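Engineer: Structure incoming, see below.
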């Protein structure tokens with residue numbers, strides 16, 4: 001099994017005065033159907049506690065993710081998951097849709113009475129902050145958003161426990177959505193491929209045409 005993520009990287013933010021850190025990861029960015037989903041877990045850096053068996057969600061079996069989900073929620077100071085639909089991805093573009101999903105999760109954290117001091121975001125690009133725009137053609141979002149400092153780290157989901165835990169929450173919730181949608185459109189095999197562009201998914205798409213849950217603005221065939 002891979003090396004267990006820790007809170008070592010997160011702990012360095014204590015020296016800058018941060019106590020509550022929000023680890024954030026997304027799931028579904030590369031799918032051709034279904035939502036993009038963002039998970040958040042908040043940890044108290046002044047009282048670091050590790051959580052056994054947590055890994056980046058992609059490295060875990062589905063049964064392990066399901067088992068760990070309630071443990072992650074109990075371990076976190078606060079946690080949340082937000083989604084942006086395929087229609088929103090088509091209308092906004094993927095970066096703004098990620099921001100929309102992340103903002104929805106962020107506002108849930110604030111509504112729970114928790115205000116993180118800093119954010120650790122998986123990847124190299126800050127798609128979460130309201131002022132961040134992918135291009136001149138990507139509209140800046142209206143309304144409230146994440147106003148905490150955002151730090152990005154490539155492969156944070158592999159080494160940082162807060163981000164790996166967030167990836168589990170996002171993956172479990174999105175997979176449940178795709179299994180539910182499979183009941184409406186069983187031909188696409190979403191119970192197995194979770195909306196990703198497998199050969200069988202694309203073959204069904206060519207035969208039946210897109211559903212309302214496909215990202216039709218993408219070159220999905």
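Using N, Cα and C of the backbone, Cβ positions are placed for all residues, glycine too.
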Engineer: Among 117, 122, 147, which residue does Swiss-Prot name as a further divalent metal cation binder in the site formed by 25, 26?
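Structural biologist: Among 117, 122, 147, only 122 appears alongside 25, 26 as divalent metal cation-binding in Swiss-Prot.
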Engineer: Have a look around residue 25 (divalent metal cation binding site) and count the other CB atoms within 10 A of its CB, chains all included.
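Structural biologist: Its Cβ shell of radius 10 Å holds 29 other Cβ atoms.
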Engineer: Please compare the binding-site residues 26, 122 by how many other CB atoms fall within 10 Å of each one's CB, and tell me which has the fewest.
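Structural biologist: Minimum Cβ neighbour count within 10 Å, taken over the binding-site residues 26, 122, occurs at 122.
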